[in-house]
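What follows is a set of notes on a single structure, which appears directly below.
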């Protein structure tokens with residue numbers, strides 16, 4: 001026992017088999033769902049700095065920019081209407097993710113991913129053709145439904161089809177495609193900014209491209225063996241799907257028996273999954289992580305930095321083009337660090353990456369706060385010298401690398417792998433809803449925070465990263481290499497969470513079952 005973890009005795013894989021082309025292609029297609037979320041994250045901040053967009057929909061912001069003096073550096077973009085355009089997507093996504101938890105039980109994870117891609121495509125076309133703010137918000141709501149469905153289904157799909165030995169690497173693929181989407185969006189914004197009158201329409205409309213990629217990918221992959229059995233499909237159908245994924249050398253029947261046993265337990269406890277997840281003592285460890293991990297991910301500040309990177313870099317002294325280039329560089333660094341995480345997460349484990357990445361992020365955020373406080377000042381009266389502006393870019397890149405190594409991919413890996421199958425859809429829905437709900441609050445408040453907290457905004461986020469790193473060290477057990485069907489043993493052996501499992505076993509969960517039925 002060390003801190004919050006333990007040295008797992010599970011082998012890398014309980015069922016043998018090799019890494020097949022089928023599982024690689026299947027995971028690649030499913031992970032491409034991250035493209036739509038990443039593209040939206042990257043596109044929003046750039047579009048909201050385009051003069052043609054602001055002139056068409058938010059002229060008051062453009063007027064404030066024209067009238068801004070040096071003492072307005074922190075505040076020129078502070079507009080609740082403008083941030084509502086960005087953040088409205090996440091309210092819709094929150095609602096969709098909760099609905100997806102129930103729909104998944106009826107139609108399967110593949111169908112939910114298809115529905116998410118189709119809704120995102122529709123939202124992109126509405127936004128590109130928007131003639132007023134109402135159309136913009138409608139498009140954002142449709143995009144939000146697409147993001148909510150996709151983010152609920154794709155990470156769990158990846159966890160269910162991946163061999164235990166490589167589950168972390170494959171699930172990291174979702175965050176990798178989020179990073180690809182962010183970089184693609186930043187490059188699109190850089191080119192579209194030169195189309196003075198309709199560049200924003202191009203940026204928003206091209207969101208349909210990643211949606212098409214994801215829809216095509218979802219059409220070409222089967223549902224997971226676990227989802228097939230859970231929905232009452234024939235065992236032979238699930239066996240054929242599992243054999244394609246694992247290859248002929250794997251002990252498919254042994255793994256299928258474990259999946260079937262878990263699916264049968266899930267069917268017996270099918271009603272009231274959300275209630276059991278929230279009220280059942282045995283699920284208290286998973287519920288804590290379902291809330292804490294996505295909440296803490298957003299409180300790193302990285303999402304709002306990604307949204308508003310062009311705005312941030314303009315604040316510290318970059319010109320309009322320079323700010324967009326800085327955002328592209330930031331996205332590329334994040335992408336590279338996600339690749340590093342993919343190659344190390346199943347070797348070093350989840351906890352080490354959380355702690356190392358967290359320490360790196362704290363140092364960078366404190367340094368950015370110090371530079372901005374010393375060179376712009378609390379009242380924003382001074383201009384940022386170019387050398388220090390470059391230092392801020394370097395530090396933000398290092399911060400992004402720390403996030404891409406740790407909280408970025410791991411915030412999708414951990415919730416996707418810790419839930420028992422009977423509450424897996426409900427648990428993932430709660431996790432995604434917390435993520436999107438917190439993103440809504442963050443995007444709605446960030447520009448106001450930057451205006452009022454000034455450089456201390458980054459100190460605020462650094463304090464949260466310190467808290468969450470301590471939380472992981474104390475309470476998150478190591479899950480690398482543990483088969484999904486054996487994940488319960490992880491909590492039974494943990495120094496803190498074991499008491500909830502033991503108490504629940506003694507009481508046989510009778511009170512919760514009475515409340516549900």
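Yeah, the Cβs are placed from backbone N, Cα and C, and that goes for glycine too.
Please treat TrEMBL annotations as automatic predictions, because they have not gone through curation.
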The annotated transmembrane segment range in TrEMBL, which must be one of 12-31, 32-51, 52-71, 112-131: 112-131
Long-range environment of the transmembrane segment (353-376) - Cβ separation under 8 angstroms, sequence gap at least 6: 73-74, 300-301, 315-316, 341, 344-345, 382-385, 388, 391-392, 395-396, 398-399, 401-403, 405-407, 410, 454-459, 461-462, 465-466, 468-469, 472-473, 476
Range from 112-131, 137-158, 170-192, 388-408, 455-476 with most C-beta pairs under 8 A to the transmembrane segment (198-221): 112-131
Integer mean pLDDT for the domain 'Major facilitator superfamily (MFS) profile' (26-480): 84
